[in-house]
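Features of the protein shown, as given by Swiss-Prot:
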BINDING   Gly8, Val9, Ser10, Gly11, Ser12, Gly13, Lys14, Ser15  ATP binding site
BINDING   Asp58, Ala59, Arg60, Asn61  GTP binding site
Amino acid sequence: MKLHIISGVSGSGKSIALHALEDRDYYCIDNLPIYLLPTFAKRMQRDARQLRAAIGIDARNLPQELRQFPQILEEIERAGVHCHIIFLDASDTTLLKRFSETRRKHPLSHIPLAEAIHCERALLGTIAEKADLRIDTTCTTIHQLRDLISERIGDDARPGMSLLFQSFGYKHGVPLDADFVFDVRCLPNPHWEPHLRPLSGRDSEVIAYLKRHETVTQMQQDLITFLQHWLQRFQNTNRSYLTVAIGCTGGQHRSVYLAEQLKAHFHSLHARVLCRHRELS
């Protein structure tokens, strides 16, 4: 049996993630007390109909129970239940904006909101440290998050590690959820060609421009060589998720092109390869 544990700071999209999995026929429970996790896991093992489940855990648990999470997780794993932990987060500025827009009450509402966000992140630290997959929802809409959850988690019947290539722009910040970050700002920039400026790295004119430069080809080959060497080692350690972020200045041309090229190359080698362009969304 596989059990997904969805956690994260308030406002990061935990409920959306659970609803996305529920739509994929997962059995979902939100805000289950941590001390009930072993009981729930044993019950699910006895019910052959429920082989995929997702549990939402957040700061509404008592602090002492949150601190016991690593021990409880070990108990569940010893019982033969394979757990995947997904932790959602976002920048403080984004979380403050979301609470302002929705006017919802924070679980730690007895203190100022900015302080509550920091305290909650600290309370959930024991869960975040155990996360198999961290998702930064700072620049992600509701619909994009639902799609991302469905693609990375909802299709776990397919074997192998889920590999995501993500392009981004440094001027908008580095993704918080990346395992590898590669800076390609040293490559020729199509932005300085007026006819290419409004296009993206997926357009044929930009692709042709970048393919003409030997430095771009060399960077692409170096990334492939590096990743081919190390991806199998990550997979051999039973790693379920890996995110490779490629960054250029604006996240529109060079990083998009290379993310697409890497996806095309590794798609033939791995069953679960995805590509996301943060700044084009």
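Note: Cβ is positioned from N, Cα and C throughout, glycine not excepted.
Positions of Swiss-Prot features highlighted on the structure.
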residue	record	CB count, 10 Å
Gly8	ATP binding site	27
Val9	ATP binding site	26
Ser10	ATP binding site	25
Gly11	ATP binding site	23
Ser12	ATP binding site	25
Gly13	ATP binding site	27
Lys14	ATP binding site	22
Ser15	ATP binding site	15
Ala59	GTP binding site	23
Asn61	GTP binding site	22
For Ser15 (ATP binding site), the one of Asp58, Ala59, Asn61 that lies nearest, given that the binding-site residues are compared by Cα: Asp58
Extra residues within 8 Å (Cβ to Cβ centroid of Asp58, Ala59, Arg60, Asn61), GTP: Asn31, Ile57, Leu66, Pro107, Leu123, Leu124
Could you state the CA-to-CA distance between Gly13 (ATP binding site) and Asp58 (GTP binding site) to the nearest Å? 12
One should report the C-alpha separation between Ser10 (ATP binding site) and Arg60 (GTP binding site), rounded to whole angstrom, as 10
What's the CA to CA span in angstrom from Lys14 (ATP binding site) over to Asp58 (GTP binding site)? 9
Can you tell me which of the binding-site residues Asp58, Ala59, Arg60, Asn61 is spatially closest to Gly8 (ATP binding site)? Compare CA atoms only. Asp58
Filter the binding-site residues Val9, Gly11, Ser12 down to those whose C-alpha lies within 10 angstroms of the C-alpha of Asn61 (GTP binding site); answer none if the list is empty. none
How far is it from Asp58 (GTP binding site) to Val9 (ATP binding site), counting Cα to Cα, in Å? 7
Determine, from DSSP, whether Gly8 (ATP binding site) sits in helix, strand or coil. strand
Starting from the Cβ of Asp58 (GTP binding site), draw a 10 Å sphere and report how many other Cβ atoms land inside it. 21
Provide, as an integer number of angstrom, the distance between the C-alpha atoms of Gly11 (ATP binding site) and Arg60 (GTP binding site). 14
Other than Gly8, Val9, Ser10, Gly11, Ser12, Gly13, Lys14, Ser15 themselves, what residues in this chain have Cβ atoms within 8 Å of the centroid of the ATP site's Cβ atoms? Asp58, Leu88, Ala90, Thr137
Cα distance, Val9 (ATP binding site) to Arg60 (GTP binding site), nearest Å? 11
